[in-house]
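Here's what TrEMBL has on this protein:
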- 41-290: domain 'G-protein coupled receptors family 1 profile' (DOMAIN)
- 27-48: transmembrane segment (TRANSMEM)
- 60-79: transmembrane segment (TRANSMEM)
- 91-109: transmembrane segment (TRANSMEM)
- 130-158: transmembrane segment (TRANSMEM)
- 193-226: transmembrane segment (TRANSMEM)
- 238-260: transmembrane segment (TRANSMEM)
- 275-292: transmembrane segment (TRANSMEM)
């Protein structure tokens with residue numbers, strides 16, 4: 001019976017965030033503003049780190065890559081999302097949908113693992129400061145980065161491959177503003193317990209492993225901070241981690257809320273709101289968190305703006 005109702009779908013219609021006509025234009029301008037802030041913030045941070053030699057250290061090497069991931073992540077999602085606010089039917093081809101799904105998964109996994117690499121960097125900086133430049137050498141940074149993007153590719157291939165083997169109903173309305181895993185599973189007519197199990201297994205590896213690594217790193221960091229005798233030293237150590245802790249909490253909190261609960265507990269309409277945080281809000285806030293709370297970035301910004309003004 002499923003085979004009779006199924007068809008070889010060539011395109012999907014993305015439902016978007018809301019079908020309320022009076023909200024379409026306000027939401028369009030709101031998310032366009034978010035995207036502009038995200039682009040300017042992340043490309044600005046990438047430029048600052050590239051232009052200022054005193055920022056060419058491991059911490060900013062990872063921050064450079066976090067900004068690149070955030071910029072690319074939002075670019076894979078928001079422009080297509082904006083279409084849903086200004087067009088009657090926001091159509092995406094099957095190939096386009098699978099491509100968006102692949103890059104969405106790639107950047108989610110890459111962000112998870114770059115945050116865990118940054119936690120390791122902070123652990124070495126605070127717990128083993130004398131060995132920092134040896135332990136987190138340029139070769140180690142490149143290996144960690146290879147691991148970050150390698151896990152991103154593995155996660156994206158696993159999720160996209162899982163969806164590619166499904167057959168979709170002729171009713172091809174995706175109840176989301178993007179091609180996400182759970183809405184596509186709901187739309188398919190032959191998804192099984194195995195498909196859902198694959199999703200939760202891959203997501204657990206993609207989110208669970210980095211979270212464990214981050215918790216272990218911060219366990220050692222907190223222990224080391226409590227052994228610092230001066231209040232000023234403890235305060236300085238905490239301040240070097242605060243930006244990273246905020247970024248980690250925002251990203252993993254919203255991601256876990258969306259994916260580590262069965263769909264029956266979290267309806268898709270609530271899931272759409274939850275996914276706004278890690279697809280749109282987090283990439284926008286990360287450069288603000290790291291620039292507004294970071295003395296080195298502020299100095300680099302003043303220096304760069306000063307040199308441009310002087311020129």
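Even glycines carry a Cβ here, placed using N, Cα and C.
Through the fold, the transmembrane segment (130-158) approaches residues 58, 61-62, 65, 102-103, 105-110, 112-114, 117, 120-121, 124, 198, 202, 205-206 of its own chain, all at least 6 residues removed from its boundaries and within a Cβ separation under 8 Å. Residues 17, 31, 34-35, 37-38, 41-42, 44-45, 63, 66-67, 70-71, 73-74, 77-78, 104, 108, 111, 176, 178, 180, 243, 246-247, 250-251, 253-255, 258, 298, 301 of the same chain lie 6+ residues outside the transmembrane segment (275-292) yet bring a C-beta within less than 8 angstroms of a C-beta in it.
Long-range contacts of the transmembrane segment (60-79) within its own chain (CB-CB distance under 8 A, at least 6 residues past either end) are made by residues 31, 34-35, 38-39, 41-43, 45-46, 49-50, 100, 103-104, 107-108, 110-111, 114-115, 117-118, 121, 141, 144-145, 148, 177-178, 247, 279-280, 282-284, 286-287, 290, 296. Mean pLDDT across the domain 'G-protein coupled receptors family 1 profile' (41-290) comes to 87 in this model.
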